[in-house]
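Notes follow once the structure below has been shown.
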Amino acid sequence: MNPYILAILLFGLGLGTTITFASSHWLLAWMGLEMNTLAIMPLMAQHHHPRAIEATTKYFLTQAAAAATLLFASVTNAWLTGQWEIQQITHPLPSTMITLALALKIGLAPLHAWLPEVLQGLDLTTGLILSTWQKLAPFALILQIQPSSSTLLIILGLASALIGGWGGLNQTQLRKILAYSSIAHLGWMILVLQFSPSLTLLTLLTYFIMTFSTFLVFKLNKATNINTLATSWTKAPTLTALAPLILLSLGGLPPLTGFMPKWLILQELTKQGLAPTATLAALSALLSLYFYLRLSYAMSLTISPNNLTGTTPWRFSSTQLTYPLATSTAMTICLLPLTPAISALLNP
């Protein structure tokens, strides 16, 4: 892609998200979300492959449906209450519609079916943008409206955590596994949103760091399925030794960074008298942990001649920068000791 066009598209992505962040009016927020969608679509379709075009079409249809629902709900709210302020959503009908529209935008279960299919059709770089940056603007709106229906949020959160765990179990394609991982993590964030918005932001930030590391590891190995991953130890042995730690951090095992948000969320849910919900969420994390362990096993415990059946691809030396990967990997593995300081910041 022409670097000037790429720069314009990335600027459009940034501008769309910034407009949504800065807006207090529903029309402006909707406009920012639309700019976001339109800016990422050429990036998704740039390879001119039938899978990429299919993924782009699916993404466009779901995002257009979500944006239309959002616009309809905000007009309904203006009709019922007479104002367009984002933080003044008082009526339960527009509040519920907006929550569901934003859930469709970010891929929360049961409105998640598009996400694995779309991510599977993209290359790893665009997939990373879709899994991280594209979640920011809808999350900003969800945090601002503070949905009135707490039951809806708990149902969305639990369903996402469970379906994100179940869905990834029988997958062999890494991008689909990462899509289900994304659904499960979003479920955890939505569960605790109404009780501690700052904790939701912390979980979103740690999810970004861990997902960034995972995508960069797969990109360095040019891996798109488990079999390719099994032969990665010949190319980057040190990274192959660290990759299971990154994956287990995504799964939420102590003493890695990914344990911190899960620990604090379970603690917060228990404080709010939702012990059964916390138990179900913790059990759903076990489902996710299974497929992270499966990837770790394929990557580092199947060294030749016991490796999975797969042809070794021709390997060229990678041109990828290693500083971002080194930084994000260190953060993915080592941030758990900062938990007391972060807790103090969350609860001043």
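Cβ atoms are placed via backbone N, Cα and C, with glycine included.
As the structure is a computational prediction, the values presented were derived from the model and not from experiment.
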* Asked: Which residue range, 233-253, 296-316, 317-337, is the one TrEMBL calls transmembrane segment?
  -> 233-253
* Give the one range among 92-115, 151-170, 177-195, 201-221, 273-293 whose Cβ atoms make the most pairs under 8 Å with those of the transmembrane segment (60-80). => 92-115
